[in-house]
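What follows is a set of notes on a single structure, which appears directly below.
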Amino acid sequence: DSEGGLYVCMNTFLGFGREHIERHYRKTGQCVYLHLKRHVIEKVPGASGGALPKRRNAKLFLDLETNGDLNSDDFEYEDEAKLVIFPDHYEISLPNIEELPALVTIACDALLSAKSPYRKQEPDSWEEELQASKHAKTLVQLDNGVRIPPSGWKCSKCDLRENLWLNLTDGSVLCGKWFFDGSGGNGHAVDHYKETGYPLAVKLGTITPDGADVYSFDEEEPVLDPHIAKHLAHFGIDMLQMQVTENGLRDNDIKPRVSEWEVIQEAGVKLKPMYGPGYTGMKNLGNSCYLSAVMQAIFSIPEFQRAYVGNLPRIFDYSPLDPTQDFNTQMAKLGHGLLSGQYSKPPMKSELIEQVMKEEHKPQQNGISPRMFKAFISKGHPEFSSNRQQDAQEFFLHLINLVERNPVGSENPSDVFRFLVEERTQCCQSRKVRYTERVDYIMQLPVAMEAATNKDELIAYELKRREAEAARRPPPELVRAKIPFSACLRAFSEPNNVEDFWSSALQAKSAGVKTSRFASFPEYLVVQIKKFTFGLDWIPKKLDVSIDMPDFLDISHLRARGLQPGEEELPDIAPPIIIPDDPKGSFLIALDIDESSAMQLAEMGFPLEACRKAVYYTGNLGAEVAFNWIIAHMEEPDFAEPLALPAFGEAASSGAAAFGAVGLDNQPPEEMVAIIISMGFQRNLAIQALKATNNNLERALEWIFSHPELENESEPALDMMNMENNANANILAETGSEGPRIKDGSGRYELFGFISHMGTSTMSGHYVCHLKKEGRWVIYNDLRVCASERPPKDLGYIYFYHRIPS
């Protein structure tokens, strides 16, 4: 609140503005609040040139969310804290040890000393200080000849290809633990430590010139390994070389004369600043340019503008009492900041004169600072919640996932990106085929390096570069590979080999190829150029290429055609399930499992065996019902183990019991219900909120506050809602799932934006966004928004196309 400060409930520790505090008191009956107010003392020049204090109320949200720098030397703060007792608004100034109970004083002190979301985002407080492992100096590494390739890793025990850890003693590659959010693995790395006692492991995919993520199983925490380069070199990973450029010199010593940093940012060209609605910049919070670039592109799309900014009054009116934890509120606020024009105004003449007097010739655009948005959208994510640089493509998919999970009205703006991919898999030996469909949001194009049109120039450049490296001379002028876009499109449509392909026609593993086509074309086509890879020496490389991306794109020829005359389908038979030795008498049996549902769940990242069990135990009712089984059973120790059926006579009961776990008997824990009831809410409302949020107490409270209409519902009405939710699985079985909403149409598109990356890796560098607005290109480079003179369309990383109406 600009004037009224912040009220914090001393029971729930939720914060409210002045306009919400009465509503919270009436709903919950909580009567004790901590009232925080900050006064800003602005220093203004005095008659003698000194600074005189000028006191004014702090605009808590506006100044922090815009680019106003209240941390500069021009401002000082004076904080005021009081304890307020409702309904009489009786105020007690703090500190006041004499009048207050000890517990209240301790709680107030803890709240006053807690860090705000803004301070938590400061670089110094992002990550805890790691300690060097006690095993690092004396670690013994086995001379077993193991060499780790730069890609293609998988767990040696379960073939999982994510969350993989390299044991630094024997070179074993094994999967990590399984996490509640669906990520992780089957815990084979921990099991290996328990069997061998080998203490240290490094996470594959985190190795950079600055270090890597190392975990000590013995110390049970992430650690530093001061000898990590030596330990990785033992397995063929030359980490020290990763600190050196290809010419043998440090990155900062010599810069190529044709730097992508200069080309992409259009350096050396005088760019005209742009102001007004849609031309608002975003402050870089420290490696947050990936977020800024994606959000600028997202809010240039009319469907997102309508969904969030167009519905802003309704979203704000129905926002929960803690709007900092509401996705739609944060999206609407950010969209309003970018599109309203309130934070993108040309400087006044007096400000220009002041800049000249201070010799500040560069105009400072105001823009917005997305601290609260970043704090919320990255909450709980191991990468986006860090202060490291991230992949813009991964953040785009993360954002779409949040949009899908937080619908706003009847329109889902992410529908414009969604399309169906038809995958045709063929057994090379039997020639039989299988057609499946999956949902996707990005078209990933490989870089066809072999199709470069300037191969002679590239060969000559490489010879000169090696000569310069040997003579320790500056490198020659950079020559980029020129790749035709048509070659990348052909590479996308060509068949790819399928690893570990099991042919149902042969009932054995065989060679298989997969071809992808569009079963539908999206309203907006997002194209990613797959530029990032690893060299054979483990040095992460970015393919510095120039691709002639077209302004107008026609991919109609990539439309899927389905099963063709003369093609024979592969039998719909699942791979055999291997049953471990079981003293109770387990046996191998042909199971009736909906393989398509199992594969659909596996594509979400769950272990395949767990998916098969979920489908089997839920009676083949579909992927959505099986997903509920997975959520309910993922903490079980045998979650990812192959399906082992008990002896005949026990199978039916075990299956029924498993299905019952996601049926009607899913009451929330009574202690959580009691906590919510103690806050003044009805029992049925508490149960409904916990069920709706998978028994997450914090989210359940948010759910209650965001559904005020349910407070007035009668208990029979809530009971009816419970019955409807519990019967959801049966309804799905009877009616079937409608499937994802698809906006199909023609395959003709026009380019309207692209995101470019500068640097050698997605874990470093900088992102810039170019958008076509009102017939001309505009560059969005953090706070700087200018008319583009030379948009580098050939150097982009992610491209945005919109469909051309037929």
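In case you wondered, yes, glycine gets a Cβ from its N, Cα and C as well.
Now, the feature entries from TrEMBL:
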ACT_SITE  CYS289  active site, nucleophile
ACT_SITE  HIS766  active site, proton acceptor
BINDING   CYS155, CYS158, CYS175, HIS188  Zn(2+) binding site
DOMAIN    131-239  domain 'UBP-type'
DOMAIN    280-804  domain 'USP'
DOMAIN    592-633  domain 'UBA'
DOMAIN    667-707  domain 'UBA'
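Cα separation, CYS158 (Zn(2+) binding site) to HIS766 (active site, proton acceptor), rounded: 37 Å. Counting in whole angstrom, CYS155 (Zn(2+) binding site) lies 33 from the residue listed as 'active site, proton acceptor' by their C-alpha atoms. Summary for the recorded positions HIS188, HIS766: the Cβ-based neighbour count within 10 Å is maximal at HIS188. Restricting the recorded positions CYS175, HIS188, HIS766 to those with a CA within 10 Å of the CA of CYS289 (active site, nucleophile) leaves HIS766, listed by sequence position.
Residue counts for the domain 'UBP-type' (131-239) under DSSP (helix as H, G, I; strand as E, B; rest coil) come to 15 helix, 23 strand, 71 coil. Cα of HIS766 (active site, proton acceptor) to Cα of HIS188 (Zn(2+) binding site): a span of 36 Å. Summary: among the recorded positions (CYS155, CYS175, CYS289), the fewest other C-beta atoms within 10 A of the C-beta are counted at CYS155. Residues LYS154, SER156, LYS157, ASP159, LEU160, LEU164, LEU174, GLY185, ASN186, GLY187, ALA189 surround the recorded Zn(2+) site, their Cβ atoms falling within 8 Å of the Cβ centroid of CYS155, CYS158, CYS175, HIS188, which are themselves excluded. DSSP assignment over the domain 'UBA' (592-633) gives 29 helix, 0 strand, 13 coil.
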